[in-house]
Amino acid sequence: MSLVYLLIAILVIMAMILLTSKRRAMAKYAGYIALTAPVIASIYFLLQVPSVIKQHYLSVSIPWMTSLDINVDLRLDGLSLMFSLIISLIGIAVFFYATQYLSSRKDNLPRFYLYLTLFMFSMLGIVLADNTILMYVFWELTSVSSFLLISYWYNNGDSQFGAMQSFMITVFGGLALLVGFIMLYIMTGTNNITEILGQADHIKNHALFIPMIIMFLLGAFTKSAQFPFHIWLPRAMAAPTPVSAYLHSATMVKAGIFLLLRFTPLLGLSNMYIYIVTFVGLITMLFGSITALKQWDLKGILAYSTISQLGMIMAMVGIGGGYAQHQQDAIASIYVFVLFAALFHLMNHAIFKCALFMGVGILDHEAGSRDIRILSGMRQLFPKMNLVMMIAALSMAGVPFLNGFLSKEMFLDALTQTGQLSQFSLISMIIIVCMGVIASIFTFTYALYMVKEVFWTKYDSKVFTKKNIHEPWLFSLPSLILMVLVPVIFFVPNIFGKGIIVPALRGVSGGNHQIDPLVPHVSQWHGFNIPLLLTIIIILLGSVLAIKVDWKKVFTGKIRQISVSKGYEMVYRQFEKFTTKRFKRVMQDRLNQYIIMTLGIFMVIIGYGYIRIGLPKVHQLHVSEFGPLEVILAIVTVIIGLSLIFIRQRLTMVILNGVIGFVVTLFFIAMKAPDLALTQLVVETITTILFIVSFSRLPNVPRSKVNKKREIIKISVSLMMALIVVSLIFIAQQADGLASISNFYLRADKLTGGKNIVNAILGDFRALDTLFEGLVLIITGLGIYTLLNYQDRRGQDERE
């Protein structure tokens with residue numbers, strides 16, 4: 001099955017989900033229909049693993065807008081396969097989990113699963129795209145679907161604000177990324193990613209190389225919640241927990257990391273890129289791990305935990321980016337080791353963090369709270385979730401015998417080896433190691449503290465008063481499966497390493513086969529070395545801080561109020577006030593003012609073109625034959641048009657406007673175009689009658705005083721537009737080098753079966769244009785229908 005067929009199959013499933021919204025009895029099955037999408041995708045990608053290991057990559061290219069080099073280019077190599085497996089396999093767990101989490105009585109299930117499947121489709125599009133513009137389209141689709149999912153409970157103010165904040169930040173990054181893609185096209189002349197990476201040596205010497213890197217970093221940092229763009233992720237926790245488990249821990253937040261990994265052969269040629277990504281990642285890791293201890297909400301803790309872990313992966317991506325400069329050097333193995341560690345931890349993080357979010361969701365769903373000040377002694381009520389969250393949290397902390405320990409050891413090992421790399425000095429290495437170790441200590445602290453406070457403190461029935469708590473097996477099943485994978489990967493890491501991570505490394509290197517001998521062998525025991533010593537320090541200090549310190553009392557008062565998000569909110573409010581004032585000044589609910597603005601902008605554009613290229617000399621002027629009737633009709637039209645400027649009665653103005661239309665009908669008759677005349681007569685009659693009838697529905701607004709300044713502006717704009725139209729007619733007649741297309745229509749109209757040339761143009765030559773004009777009318781009608789029925793739907797929702 002082709003990659004295109006897979007994406008089409010997902011779209012078909014989305015259509016089936018949409019059909020279930022028509023009947024409430026069918027809506028409860030929407031989740032199981034949606035579940036087929038990740039199942040089909042998982043089976044497909046698992047079947048491709050043997051081929052990708054043998055370096056037999058799938059690629060598809062379908063022409064789209066070939067003149068702009070925008071095609072549907074898809075490619076499945078090792079890197080895209082690894083991310084596709086994460087998206088689809090984690091998707092199975094999340095989709096099934098959502099069927100148990102959401103209620104068919106309270107929630108609009110078809111809408112939720114449609115958005116969730118759209119997000120999965122968009123993420124697969126990002127990782128499979130081999131065309132920059134196609135990648136951008138899917139990139140923004142993830143922002144749109146994320147917005148829809150975060151605002152799913154739209155009656156909740158936090159959901160609305162969180163959705164808008166995440167949308168604004170990620171779309172800003174997406175637009176910056178688009179600018180970067182355009183710069184790449186200017187430098188290379190292609191939008192194909194494989195071809196772009198093949199020109200890396202040429203691009204690095206271009207003047208746009210550094211600006212392009214900055215645009216890429218803005219796109220990656222906003223999407224992957226790097227400091228200071230991290231603020232949208234905690235707010236996004238207002239979404240349903242399945243959304244948090246899927247988008248905001250395992251998939252969407254990894255899109256920025258994927259972008260940098262995909263373009264590592266190009267971006268890694270700049271030392272500036274390596275420094276920025278490394279230190280921004282470490283700052284994010286440190287900031288996230290400390291801020292997580294300020295949170296009382298379990299999802300808030302996991303949100304900042306995700307920010308911290310993403311920073312950790314980002315730092316390794318930055319350090320490993322130097323491989324692009326040193327592929328043939330002796331130190332190339334260090335860069336490969338760091339990139340391997342980044343990919344390994346990316347996979348591990350998706351597993352244990354998704355399990356943690358699911359555990360928190362079950363606690364919230366069954367216990368009715370996520371507040372660690374209320375939850376205590378939950379191991380008695382939730383024994384399965386106690387096991388799941390304890391193992392997943394300890395894996396995140398880097399405790400032995402769990403998969404997180406292996407990737408955390410590799411991370412510490414990578415930091416200690418930075419001193420051997422040309423990009424980093426000894427002082428830089430010391431700073432990097434200190435930042436990584438301190439962040440890891442706080443990571444261990446909040447992981448252990450979270451589990452201790454929720455499960456291992458004394459149960460207090462006075463604080464937690466909810467009764468009849470139960471822990472359904474089907475609800476717990478996805479998190480239990482993910483929990484089992486945590487120790488399994490620890491004991492057999494190289495099965496995943498050779499089958500998934502090594503092919504992904506080839507993708508990161510741009511298909512360089514020389515990377516294979518440099519790939520590290522993952523072992524559980526490395527002997528007594530510096531990373532092990534650092535791990536012992538992290539565990540000891542982290543345990544003391546988690547057990548001996550009551551972090552609920554540490555971050556209180558003014559310390560707790562310090563927040564980067566509040567700075568964003570202040571800027572947002574000021575920006576909103578500023579734009580509201582300007583908006584009210586421009587948007588005054590006067591249609592003629594909007595028309596003046598639109599025409600004014602058009603005139604400025606045309607005028608600028610005239611200034612730049614100048615007006616051509618009029619050396620020929622073709623004027624159609626005309627008689628006395630045409631002259632009389634033209635004079636009548638001008639007189640009526642001028643009179644409209646001075647008349648103030650609405651009814652008279654409408655009638656005179658209709659008269660102009662009837663005069664145009666006479667023009668068509670004089671020019672021997674009866675079909676056009678009949679069409680014009682019918683349309684003009686209907687619109688004039690409707691216009692007059694609509695007066696009965698319009699409010700009796702007092703007549704406004706004549707504003708001479710406004711009238712002068714109207715007349716000036718009208719005269720200028722008339723001059724521009726006439727000048728464009730003259731310019732069109734001077735085009736000697738181009739043959740008129742009119743002759744083609746005259747020769748080919750017989751083939752259409754039409755009775756006249758106008759019908760042939762509308763029905764055949766520009767049929768697609770006519771079709772889309774009809775589509776615009778349909779969309780407008782649907783919008784009006786939605787507005788008219790808004791109150792009815794709102795009342796029905798309130799009754800339900």
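Cβ atoms here come from the backbone N, Cα and C positions, even for glycine.
Sequence annotations record features per position, and here Swiss-Prot assigns transmembrane segment to 33-53 (among others).
Taken from Swiss-Prot, the feature transmembrane segment covers 167-187 (among others).
Per Swiss-Prot, transmembrane segment is recorded for 241-261 (among others).
Residues or ranges marked as transmembrane segment in Swiss-Prot: 273-293 (among others).
Sequence annotations record features per position, and here Swiss-Prot assigns transmembrane segment to 331-351 (among others). Within the chain carrying the transmembrane segment (331-351), a Cβ under 8 angstroms from the stretch's Cβ atoms is held by residues 82, 86, 90, 249-251, 254, 257, 261, 264, 309, 312-313, 316-317, 319-323, 395-396, 403-404, 406-408, 410-411, 413-414, 417, 420-422, 482, 485-486, 489, 493, 496-497, 500-501, 504-505, 508, 515, 518-520, 522, all 6 or more beyond its ends.
According to Swiss-Prot, the transmembrane segment annotation covers 424-444 (among others), on the basis of sequence analysis.
If you look up Swiss-Prot, you'll see 472-492 (among others) marked as transmembrane segment.
What Swiss-Prot lists as transmembrane segment is 527-547 (among others).
If you look up Swiss-Prot, you'll see 595-615 (among others) marked as transmembrane segment.
What Swiss-Prot records for 627-647 (among others) is transmembrane segment, and it gives sequence analysis as the kind of evidence.
Here the transmembrane segment (651-671) has long-range neighbours at 627, 629-630, 633, 636-637, 640-641, 643-644, 677, 680-681, 683-685, 687-688, 691-692, 695, meaning same-chain residues at least 6 beyond its ends whose C-beta is under 8 angstroms from one of its own. If you look up Swiss-Prot, you'll see 651-671 (among others) marked as transmembrane segment, on the strength of sequence analysis.
Same-chain residues lying 6+ beyond the ends of the transmembrane segment (676-696) with a Cβ under 8 Å from its Cβ atoms: 650-651, 654-655, 657-658, 661-662, 664-666, 668-669, 758. The transmembrane segment annotation in Swiss-Prot covers 676-696 (among others).
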What residues elsewhere in the chain lie close to the transmembrane segment (627-647), defined as a C-beta under 8 angstroms and at least 6 residues from its ends?
653, 656-657, 659-660, 663-664, 666-667, 670, 711, 714-715
Taking 167-187, 424-444, 527-547 as candidates, which has the most Cβ pairs under 8 Å with the transmembrane segment (273-293)?
424-444
